[in-house]
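In Swiss-Prot this protein carries:
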type	residues	note
REGION	1-295	region 'G-domain'
BINDING	108-115, 190-194, 248-251	GTP binding site
REGION	296-542	region 'M-domain'
């Protein structure tokens, strides 16, 4: 993601505070200069940068700070809060109501990714348990209905359109009426786009808006226009009641920061950002989370929510892992669940400190996991459960049945042995296996770390992950078993961090399970004074 460059520059500016022996006005001015330059390169409006600098200066009064206060930490927290404020219009997001028809109308210029975003949004809410449908009211662009039909079929979403009716208002009204009668909960109307803003486009939007009476009108814009997003968003808002904005193509240009800050200045909330071409490449936009990931603090709350979506707490494989067992069937189930979490490179971005990680090559890790799953699918039931050994002859047969090379089968079996050894050493209810299952406490974390250090530490684990593809850079990131490289915490630091995250889960009062951990993460932010904002944890920003 090109925005990573902005994140690295901002992180570098904040880290420079640690290198100064004395914190004074000159230190603050230099910090604000570096932050301002980084934002300017991302096409953030100079007027917004000047205002942000003023806000920071007004909040940091060095001569009024009590002796003994950590000035560096306070300054970093103020900068963090003001970056959030820069991107947050302070307007609540629209949320659909379960059990009733919610009509959503999409508007935007041609080429902004509007039709693709329509399908992504329908798919997003479908995964949340809503019944969804798409109405193609774009009768202007040739091939628009074909695109909707193709996308909707791929996402398994109901759709409506017409190859003969040329009046977009009639198509929109008819489609909405059909799905309302069916009780569809989210009906998304895709409207025509243009290559430029013109009176004909705006008049058509007004007519469709009057006909379908949307609960939310979403304006889709391309992030590459940078701060010009302000004028574009303002123009559309003057014609229809735009309630939310989706900013697309955030994965491919350096103007995203400018676009987001410009839109926030219009007091219109950004509801999603598009980060790729896949159906799942649509992320809920939260200013606090966005800045957190940008600065390398990660999004553990979001990561836990993703995990909870695909891994039930009563999973048989998790129960076996908690008992120190890790069969090939366990591995198969874990791989399948990892695939459901989305591209590995995007998952890695949610882990604190990973903004320093070189970008993984596409979805290389995902492709390797798919290959492994194909191999595991070719195993017999007894082989999966560890009740029958896999001979050299069977390796050849498995390779032929899965369409893979025998070396890949051997590689997979070696990966399994590594993880089986790590998980099994803790025994029932202890060590790494119990932690993976979401159980155990700080002592368990310590035990798990000892297990891992005995097997080469984090480096040993990462070496075993290299075979999955796309994980080589991740292995480099962690350095040796005793200490983290590239600014990442060492194994000891990681154990302390996890041990101090809060005790008491269920049972023996140790590490909370997945459900409790998600609740705990959700409650880490808030508060006044030095506390985080908008649910962001009170991180030690030193």
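Using the three backbone atoms N, Cα and C, a Cβ is placed for every residue, glycine included.
Since we're looking at a predicted model, the values are computed, not measured.
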Given the binding-site residues 108, 111, which one has the fewest other C-beta atoms within 10 angstroms of its C-beta? 111
Would you identify which of the binding-site residues 114, 194 has the most other C-beta atoms lying within 10 angstroms of its C-beta? 114
Close in space, distant in sequence - residue 191 (GTP binding site), Cβ under 8 Å, 6 or more apart: 105, 106, 107, 137, 138, 168, 172, 204, 205, 208
Secondary structure at residue 108 (GTP binding site), reduced by DSSP to three states: strand
Measure the Cβ-based neighbour count of residue 250 (GTP binding site), defined as the other Cβ atoms within 10 Å of its Cβ. 26
Model confidence over the region 'M-domain' (296-542), as mean pLDDT, sits at 60
